[in-house]
Amino acid sequence: MFQTESHPAGGSPLQSIRSSCDRCRLQKLKCTVQSMESDGRMVCERCVRAKVPCAFGRRRRASRPSDTKKQGDSSTRRSTAPRTTNPEPTVLTPPLSTTSSTSEQTLGGATPSPTLATSSALEAPLETLAECEPDTTAPTYSYHHHHHDSYQLGEGPPTPFPNPATTGGGSGSSMMDWDWLEQDFHANELYCLDPELLASAPASTSTSTGSPTAHHRALPDGGSGSSTMSMGGGADTPFSTTASVAGRRLPALIAEMQQRLEALENGAWLHDGAQSFDHYPIGAVLRLSQEFGALAGQVLGMAATYGGGGGVPPSDVAGLQMMAAVGGGGGLYELGRGGLAEGGSSTATVLLVLGGYVFLVRLYGLVLGHFHAHLNRIPSGSLGGHMHSTPAPTTSPTLQLGELPSGGAMPDVSRIHAALGMLLAALHSVEEQLGQGGEVAREMVVSILTQGSGLEPAKLQDGFGDLGEKVRSVKELLREKMGL
């Protein structure tokens with residue numbers, strides 16, 4: 001397998017045969033010549049055992065140039081240096097020099113610019129530029145760096161996401177601006193827990209400076225709704241500001257509902273190993289219900305006031321249902337302009353109200369499921385047939401189930417009984433604004449859908465019917481555990 005390479009006699013770079021075969025040299029192993037074949041080829045032991053061809057190559061002359069050759073190369077480079085073209089004035093500066101020379105000619109300068117000779121170098125053939133060695137001098141870096149900085153510091157191409165620092169504010173109208181959030185939405189009030197307040201508070205009242213919960217408060221004696229809102233719909237009223245705040249607050253509130261729902265779903269409340277429900281966050285659920293009811297009442301109050309022309313309060317569910325059924329006939333919806341009538345709540349805000357109610361129903365369903373599972377783990381007993389527990393004097397977002405008052409020999413059952421009453425009272429206040437099962441908001445959305453797509457309201461199914469079944473199931477378990 002050994003083959004000698006034929007080269008001219010005077011310029012052959014090959015020398016003597018190597019002492020190790022190519023295979024051993026590649027694997028960096030010791031090569032031991034075993035025998036010499038009849039044709040003159042040498043074979044090593046490893047190649048014989050591996051039954052592979054064994055080839056011994058020849059050494060090559062060193063490629064390192066001698067001192068004489070180095071001197072000759074340096075003199076050759078010096079002699080050919082004047083014939084090379086300097087790439088610095090040819091490649092980098094022509095764009096700038098061409099601009100300057102053009103401007104001077106435009107201004108009518110009599111003396112030609114010295115950069116014209118440089119700009120004429122642009123006409124040099126590409127072969128001349130290709131012969132030049134690449135140069136990485138400072139002007140090359142400074143030119144490109146300057147060009148990059150000018151692009152970065154400039155206005156640049158238009159972007160669909162404006163920069164608040166350059167647009168001069170305007171972030172107040174953005175839904176992602178959280179500066180308008182209030183830290184305290186009066187969640188400590190008991191307006192939704194007292195039946196007398198629920199019956200006496202006209203939900204259509206509101207002020208421009210009041211909190212969202214002021215939507216449920218009664219007017220002062222002798223006051224009327226005409227002092228705080230306009231029935232015409234053409235003039236500026238406090239409702240426009242209130243609806244704007246409600247429309248901006250609803251997405252954040254729905255996000256809080258989703259976070260609370262995920263936190264309760266991932267908790268240990270459904271496991272048999274849960275020792276106690278004392279730390280169950282009942283106050284957070286109550287706060288979400290109360291705040292959502294206030295915001296929903298404001299949004300639907302705007303729709304009723306400006307859409308129907310009659311100033312129907314949101315608590316008048318029958319009036320809102322009639323207006324929603326009439327639809328475009330009462331001026332409530334004008335789909336040609338993409339929303340409700342001018343001055344009323346937008347279609348997107350009404351959809352947010354319905355979406356928030358969906359999350360609230362899911363949240364209540366999960367809480368009732370936790371109560372049901374916890375009551376199943378408690379042995380049945382008797383509390384004497386009566387419960388004398390009252391709600392806590394104050395309710396806060398941090399209220400826990402263990403902080404509720406308890407009575408009798410079964411404190412867990414009595415606390416769940418009190419918590420269920422508070423939750424149902426809060427849900428009742430929400431349904432006073434939205435109707436039973438969110439019927440008012442659904443009728444408004446259905447009216448939009450039927451006008452836009454021709455759907456029949458009878459074909460839309462109610463997806464919240466199982467919530468009443470869960471309430472009845474928990475009540476039956478409470479009666480069973482209490483021995484009633």
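Positions of Cβ are set from backbone N, Cα and C atoms, glycine also.
Range annotated as DNA-binding region by Swiss-Prot, chosen from 21-54, 225-258, 259-292, 361-394: 21-54. Along the DNA-binding region (21-54), the predicted structure has mean pLDDT 85. Counted with DSSP, the DNA-binding region (21-54) comes out as 12 helix, 7 strand, 15 coil.
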